[in-house]
Amino acid sequence: MAELQMLLEEEIPSGKRALIESYQNLTRVADYCENNYIQATDKRKALEETKAYTTQSLASVAYQINALANNVLQLLDIQASQLRRMESSINHISQTVDIHKEKVARREIGILTTNKNTSRTHKIIAPANMERPVRYIRKPIDYTVLDDVGHGVKHGNNQPARTGTLSRTNPPTQKPPSPPVSGRGTLGRNTPYKTLEPVKPPTVPNDYMTSPARLGSQHSPGRTASLNQRPRTHSGSSGGSGSRENSGSSSIGIPIAVPTPSPPTAGPAAPGAAPGSQYGTMTRQISRHNSTTSSTSSGGYRRTPSVTAQFSAQPHVNGGPLYSQNSISIAPPPPPMPQLTPQIPLTGFVARVQENIADSPTPPPPPPPDDIPMFDDSPPPPPPPPVDYEDEEAAVVQYSDPYADGDPAWAPKNYIEKVVAIYDYTKDKDDELSFKEGAIIYVIKKNDDGWFEGVCNRVTGLFPGNYVESIMHYTD
């Protein structure tokens, strides 16, 4: 406060007086310099003296103005601080008044209320009678409690080992996720999937059925041939569909002897064979001691040597006479299918054997009974008597590829492999393929997601890889 008073009473008024005096002195100095320049003989010296007076006068006036301005700014700062202190005091007083008003209001509100008596009790009340601890009694673990829970297959429903039924595995219940619709223009699978669509299981053709009634051993005239032992490895099915073998088969990796078949002779063919069939048949011959049991089926499944099923009794639907490797003529398309004839597709472990064997024609198998059920759920027939594997000769697997001698005109020039469809598939998207069982597809690209890109009947598209199986040709 004293500093403010000193500024207002002493320093600021003295600064004003100094400025007024400087103004008067500047007027006198100007008059002197003018007269001196006019009267002096040495004009140059007079000019230099005038410059010196001018510089000194301006410096003196500037100093006085600076001192007065600093005093005024200091005065303003002191007054601003005093205003802030006054504002703080006023705010404190207003808050005190508000607190007093709130206290008075609460007191007035409390007068209008009534007192309430509350009894305080403990939140947790201990029980009057303590519970006695239960004695631990060990109970044995029952491992069969969860046997009937879930969708598992019971152990009792498994088929006995080495049954004679020629069963067929179900189509895979899952396929690779369908490609997104955005990839319609291109056949690439590089674009990430957005939403996985539910998987539609493939449909099973109605013409598949087991033939329990045909399990009787059909004896045919014995065949003698020189056997070449060749180990055959099992080809697992693709797409998680499990093993292609029957669940009861126990000789998957047993080497079997492959006799060398002779080229077709001019003798009479079997009555059930279609002479112009384009597809081949798979013949399995099993020789035991002095009798030979032959079973003919139009499929590509690997069977154990103990299989004695006669599966194709009527005229061959999907096959015809066995063509040798030297046959070059292209056969006409296969005859129409009878509706009730059981059919096995050209799948499985497909082989083409180029060998020679002296073979005599076998009598045709008997016609099938009329009461064969479709997909019979009855228990399988009892297994045949055990076979001595040392005296048993292995089966011959022959398959005539319709495109073995040359690829068709619509086949691509460069492809990864040639596959055969083992299930029917109907396309879900526009860039996919639709094909029937037994169709030949040329794979031109394999994607990491399980989908293949291939050509079938002049149509290029995508298809799940677990619906096809590779065609492998064996040569000597």
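Cβ atoms here come from the backbone N, Cα and C positions, even for glycine.
Owing to the predicted nature of the structure, the values given are computational and were not obtained by experimental measurement.
Quick look at what Swiss-Prot annotates:
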| type | residues | note |
| --- | --- | --- |
| MOD_RES | Ala2 | N-acetylalanine |
| MOD_RES | Tyr53 | phosphotyrosine |
| REGION | 150-280 | region 'Disordered' |
| COMPBIAS | 156-170 | compositional bias 'Polar residues' |
| MOD_RES | Thr169 | phosphothreonine |
| MOD_RES | Thr173 | phosphothreonine |
| MOD_RES | Ser182 | phosphoserine |
| MOD_RES | Tyr208 | phosphotyrosine |
| MOD_RES | Thr210 | phosphothreonine |
| MOD_RES | Ser211 | phosphoserine |
| MOD_RES | Ser217 | phosphoserine |
| COMPBIAS | 217-230 | compositional bias 'Polar residues' |
| COMPBIAS | 243-253 | compositional bias 'Low complexity' |
| COMPBIAS | 267-277 | compositional bias 'Low complexity' |
| MOD_RES | Ser287 | phosphoserine |
| REGION | 312-343 | region 'Disordered' |
| REGION | 356-387 | region 'Disordered' |
| COMPBIAS | 361-371 | compositional bias 'Pro residues' |
| COMPBIAS | 378-387 | compositional bias 'Pro residues' |
| DOMAIN | 414-473 | domain 'SH3' |
| MOD_RES | Tyr423 | phosphotyrosine |
| MOD_RES | Ser434 | phosphoserine |
Spatially, which candidate from the modified residues Ala2, Tyr423, Ser434 is nearest to Tyr53 (phosphotyrosine), comparing Cα atoms?
Ala2
In angstrom units, rounded to an integer, how far apart are the Cα atoms of the residue listed as 'N-acetylalanine' and Ser434 (phosphoserine)?
105
Residues in the domain 'SH3' (414-473) grouped by DSSP into helix, strand and remaining coil
3 helix, 30 strand, 27 coil
At the level of the C-alpha atoms, what whole-angstrom distance separates Tyr423 (phosphotyrosine) and Ser434 (phosphoserine)?
11
Residue with minimal Cβ packing [other Cβ atoms within 10 Å] among the modified residues Tyr53, Tyr423:
Tyr53
Where Ala2 (N-acetylalanine) falls in three-state DSSP terms
helix
Counting only residues 6+ away in sequence within the same chain, which have a CB under 8 Å from the CB of Ser434 (phosphoserine)?
Tyr425, Thr426, Lys427
Predicted model, mean pLDDT over the domain 'SH3' (414-473)
91
